[in-house]
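A.B. asks: My structure is below; once you've seen it, I'll send some questions.
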Amino acid sequence: MLSRSSFTSLVVGVFAVYVAHTCWVMYGIVYTRPCPAAAGGGGGGEAGCVWPYLARRPKLQLSVYTTTRSNIGAESNIDLVLNVEDFDIESKFERTVNVSVPKKTRNNGTLYAYIFLHHAGILPWRDGKQVHIVSPLTTYMVPKPEEINLLTGESTTQQIEAEKQTNALDEPVSHWRSRLTLNVMVEDFVFDGSSLPADVHRYMKMVQLGKTVHYLPILFIDQLSNRVKDLMVINRSTTELPLTVSYDKISLGKLRFWIHMQDAVYSLQQFGFSEKDADEVKGIFVDTNLYFLALTFFVAAFHLLFDFLAFKNDISFWKKKRSMIGMSTKAVLWRCFSTVVIFLFLLDEQTSLLVLIPAGIGAVIELWKVKKALKMTIKWQGLRPKIQFGTYNDSEKKTEEYDTQAMKYLSYLLYPLCIGGAGYSLLNVKYKSWYSWLINSFVNGVYAFGFLFMLPQLFVNYKMKSVAHLPWKAFTYKAFNTFIDDIFAFIITMPTSHRLACFRDDVVFLVYLYQRWLYPVDKSRVNEYGESYEEKPKKKAHRE
């Protein structure tokens, strides 16, 4: 069996190898080896090299068409929605156009966008050197349930129309993608024909010009920018919908990285993740730039490591816990309640499985800790469980007195705030159901005033003039994660209440650190496992 220190060292070693391997893989994605024969320049037909057609500086035109068919021949049954005659690949732009919605699409059908990049003045299907790409402008999703004011029954018109459109809210309906983001790879990069990157190769179209092989402009659609918040329900009465077409150039390294990320999101959907689940992953890449994205990766990796170490030490602490001396039972009960409430809130909001599963595991662990704190034992009498509670000794009863006293003072402040917040939201905010209002009221109380329930433990520490009973190893790892959460609060888009919750924990932990400095460890007091150093049996002296 490995000792605890050896196991921790093993985990840290595996983590270091994982980070190093990930960095190597990322380097392989963003760096592409150029053709060795082209090192001298020229473009005079070096063997095995694939040259960029854009180096010839052709005059190009961008055309965007819409159609209900996934495959088109000539210019039949297609509508031109955008035409940029003097297209400059170096200049970014954004234009909003109105797109006519066919009857087939309004009846829960699909509409496709065909984007052509071709020579100026030539129709795309008559240009042998044109490149094109296809993207659906619609997707299927279950409409968001209607939210109403629970007292007045008032709801929004758009939600009522969405409900009328389908008989069952669990049936997916056609939604409009209001954004179309285009990119062209603008680097004059010379590829090695014998080792073309597989990710870029499927976007490349080759032409033979004399003795040299050229690749036509690489046109790319940024699917990661298609967010759920931009989707619009397509009603039967809708005849036109807005479409924002934006363009920006892209480097080869970023293009390859973006292709891999889109493939990863597509793989998640193939494994059963919904459009909403995949959208959570898209937000990580779209809402931050590449530098913050790299920082986010390293921060998230360390967050995962500290989460695991905190989890390991917390479980070890409570597994060996035999006494509740110096531990606030009310704080343990509150942590369990708040964790379960947050899990139910995430479940009610249909949050991504990436967030929901860890929250569920955390809720189960907190329930187990409550069982340990209350000294609960479950005995089965046939099919009926019987719950028994253990007894507390005099020292534990003294701790319980301090704990109850702290909660008494705290309740004077906490209960009016929570009741007032719940009443305000009932009057001014729309919800799907009374259950949704109840869960939201609880979770808002947890986010806004949850840190107050950490105060009873501080009060118990103050009364006992000791902090030796606390799981300081787990606290240390959680503290690192708290400061990491502070970084995420600036980088990642999140609700304001959750952002403030990150900073409130810092204040409480600083008070814990002050108490640790104020009350040095006394060997006569009990440690985190319910025993004192002086109670340990002394070894018998060897006989001469």
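Just so you know, glycine gets a Cβ as well, placed from its N, Cα and C.
In case it helps, TrEMBL gives these features for our protein:
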TRANSMEM  7-27  transmembrane segment
TRANSMEM  290-311  transmembrane segment
TRANSMEM  332-347  transmembrane segment
TRANSMEM  353-370  transmembrane segment
TRANSMEM  409-427  transmembrane segment
TRANSMEM  433-455  transmembrane segment
A.B. asks: Counting Cβ pairs under 8 Å that sit 6 or more residues apart, are there three or more between the transmembrane segment (290-311) and the transmembrane segment (332-347)?
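C.D. replies: Between the transmembrane segment (332-347) and the transmembrane segment (290-311), which are separate recorded stretches, there is no contact, as judged by 3 or more close Cβ pairs.
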A.B. asks: Residues sitting near the transmembrane segment (332-347): Cβ under 8 Å, six or more positions beyond its termini, same chain?
C.D. replies: 355-356, 359-360, 362-363, 366-367, 369-370, 373, 439-440, 442-443, 446, 450, 453
A.B. asks: Are there residues at least six beyond either end of the transmembrane segment (7-27) with Cβ under 8 Å to its Cβ atoms? List them, or say none.
C.D. replies: 257, 297-298, 301, 305, 308-309, 312
A.B. asks: Six or more residues beyond either end and a Cβ under 8 Å away: which residues meet both conditions relative to the transmembrane segment (353-370)?
C.D. replies: 273, 277, 280-281, 311, 314-315, 318, 332-333, 335-336, 339-340, 342-343, 346-347, 376
